[in-house]
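So the structure is just underneath, and the comments pick up after that.
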Amino acid sequence: MAAHDPQQTRHRPVVRFIWHYVEMVIAMFAGMLLLDPLWGLFLPPNPGTDVEVLVMAADMVIGMSIWMRVRHHGWAAVAEMGLAMFAPFLILLVPYWFGVLAGDVVMSAGHVLMFVFMALAMLRRREEYTRHTHRLTINPKWAKRAVVLLVALLVPGAVAAVNTIGKFADLYERRPDTVSVKPVPRPHDPAKPTVALLTSSEGTNVADLLGPYEVLAGTGRVNTYIVAAGPGTAPLTGGLDLVPDLTFDQLAGVLADHDDSLDAVMIPALQDPPQAEHAAINDWLRRQSASGTLTVSVCRGARAFAESGLLDGRTATSHWLRLAGLRADFPQVKWVAGTRYVDDGNVISTAGVLSGVDGALRILERLVDADTARAAADRVHWRYYSPGTAGGIPTSTLEPLDAVVGVNSAYQTGPSTIGVRLVEGVGELELASAFISYTEHAMVARTVAIGEGAVRSRHGLTFVPRAATAAGVGRLLVPGLDAARRQVAGTGGEVRPEYLHTTEEFAFDPVVRDIARTYDVRTALWTAKTLEYPVLDLDLRGSAWPWAATAVPLVLALLGAAAAVGVIALVRRLRTRAPSTA
């Protein structure tokens, strides 16, 4: 018989105590991760620091309490531990309400104190937390049921994770090759105001960029350039590659050659660029602002704007989904909702996505005249133009039915790849409507730019396709009213081309209708909501909900459960058949 080690016996209670603590920490974080999404269905996007803190603490207490009951702790111990976890946050919220502590201090200090208070509560009942009597015992029948349930949840969960991650990764994926296509040079007229629209090498929102560009360039009264920190193509939403007109240095050269200056800069939503490019963009924006340039952000471009420090102490707006994060990260900015744009002197910020059209119209009002702005709105069929003032928009929040985007990103059963034919002379808004609506907003498919070579848009931008033929796509969309009138053919393959724009109307109208008809009305409404585009006057017809996609996780769960039951039965049979040993 092995000798009994008294030192090991003395250490066992300490190990049990520490392990018990670790278990509860894991349980409380599991509670937070699992319960937090449920609160999001009922709370507004930015409920306030105090509500966020209390909800987070409640999530952790619930997770910890369930695990303590599984460990056979009494209700008194559970209540005591719950109070120990809540107490630090309740104490710190009092000075927060009086304006003494900042929200981030409450959050960080509360967590530190919570872990300390938990340890103190355990030390108070140290005998209970070091005894063997709380060893976890599981009924074999319940263990088998738990395995079946776990597998049933894991299968649809894994499919959802793979599909969703893949769709988001494709949104701004950079092309693997290098292209040598050059932009078409355009004459510069120093008598006209000059506006530069910014891009990032890591990706730029296609509608934030191309919508304002067409509004401005279409007037013929503005020098309009797409600029970048350095050379190379700029990936736009959905795999559309743009060749910027000029780099920062080239733009400076053009302006110097004509003894001219930059009048306005527009910042669309940019994907985070590398550190060096990020620094170059911030430096360039600060220099332009210091020289008196009007600076305008579109949608999430307000983040890059705020990071430059140019919004400090100013009033601004952004996409309704982004305002909560912006308020938390940039409390020095007064963020407002429910308006198309905020004009605060030499800075203008717009709400989400298509609000950039109004931002461009406001630039025209300030740099040219109101008649030019009104004509520009009519030219692109923008029916929400509010001359001289910012129009109001709904103050949107997440609602239960908005879960449709999660269903689509995870389980959409429609065509997973949509080819978009690039056609010479296509309108910039027409192009944007095809690449952003089905991808970043509806999340029903990925798009592929198809064409036989570089094409020039209606107002001179250069785009490069990623595929030469339509082989392998589920649908082939051809954007552009002119392309529909000319019945531009596809590029090979067996997929029939579908013409998106067949009548004179705003470019996004037929796309939203197509999403309703091809997929479902709820997805179309979510798409319009996140585009910040009212569609009450559009006749949306189609299925009310993506029922087929909704059924997919249920079928996968049943298949997973059946597989788990089969494996358990097989293991049991093999065990019963195994010969017993003497």
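Note that Cβ sites are derived from N, Cα and C of the backbone, with glycine treated the same way.
Automatic prediction, not curation, is the source of TrEMBL annotations.
Since this is a predicted model, take the numbers as computed values, not measurements.
Per TrEMBL, these features apply:
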{"type": "TRANSMEM", "residues": "21-41", "note": "transmembrane segment"}
{"type": "TRANSMEM", "residues": "53-70", "note": "transmembrane segment"}
{"type": "TRANSMEM", "residues": "77-99", "note": "transmembrane segment"}
{"type": "TRANSMEM", "residues": "105-125", "note": "transmembrane segment"}
{"type": "TRANSMEM", "residues": "146-166", "note": "transmembrane segment"}
{"type": "DOMAIN", "residues": "197-365", "note": "domain 'DJ-1/PfpI'"}
{"type": "TRANSMEM", "residues": "544-571", "note": "transmembrane segment"}
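Counting Cβ pairs closer than 8 Å to the transmembrane segment (105-125), the top stretch among 21-41, 53-70, 77-99, 146-166 is 77-99. Stretch with the largest number of CB pairs closer than 8 A to the transmembrane segment (146-166), among 53-70, 77-99, 544-571: 544-571. Looking at the domain 'DJ-1/PfpI' (197-365) alone, the prediction's average pLDDT is 97.
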